[in-house]
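Feature annotations, courtesy of Swiss-Prot:
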BINDING   10, 11, 12, 13, 14, 71, 165, 166, 205, 206, 207  FMN binding site
BINDING   14, 41, 71, 74, 107  NAD(+) binding site
């Protein structure tokens, strides 16, 4: 299936079939998608919680209480549930972790190339954390890049998913001790196979026309 067909076919799943699980291979593939998403300057300011056990999914679903109870069954019935978390502050320890990993992966021919790469990343990191004072917002944007990449990727694997912002982040952060670890939850994405109750699976896709959303120059 070509990428345009995938984009046209995927939809936000409103109900999952709890009896259908990801295969072990698919479970590994979705983790690879998370790992290899693009991010600004390859900063990767994220962490993911992947819940596949009933206990794990129930812990995530605690955040779908009160005003968000309509999302609870999605979290409980999906095969896997991914919590996308962003770093709350960019620090030099993380930047060193990134450049050292790039070095270990063979991206630099010389020490000078590594130093230049590190300097360039720190320029943008410092611009956001010291000049614009919006590093938290900048890092959240990178996580959303990952979410978009992930949604298209899981659809290409023949899986169904739905991005959820309707959850109590304070409850979820507390449940997993995210604040203490320097993260906060942004998006929850259940993944699995839609059920016959998923009304959205049979509805036509609707988007604004290109003459409204696109300008060619």
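Yeah, the Cβs are placed from backbone N, Cα and C, and that goes for glycine too.
Everything Swiss-Prot records as a feature, shown here on the structure.
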{"residue": "10", "record": "FMN binding site", "DSSP class": "coil"}
{"residue": "41", "record": "NAD(+) binding site", "DSSP class": "helix"}
{"residue": "71", "record": "NAD(+) binding site", "DSSP class": "helix"}
{"residue": "107", "record": "NAD(+) binding site", "DSSP class": "coil"}
{"residue": "165", "record": "FMN binding site", "DSSP class": "coil"}
{"residue": "205", "record": "FMN binding site", "DSSP class": "coil"}
Binding-site residues clustered about residue 74 (NAD(+) binding site) [Cα within 10 Å; pool: 12, 14, 207]: 14
Candidates 10, 14, 205 (binding-site residues) - the one closest to residue 41 (NAD(+) binding site) by CA: 10
Site with most surrounding Cβ atoms, counting all protein chains shown within 10 Å, from the binding-site residues 10, 107: 10
Residue among the binding-site residues 12, 41, 71 whose Cβ has the most other Cβ atoms within 10 Å: 71
Chain-internal residues near residue 207 (FMN binding site), provided their CB is under 8 angstroms and they sit 6+ positions away: 213
Rounded Cα-Cα span from residue 71 (NAD(+) binding site) to residue 10 (FMN binding site), Å: 19
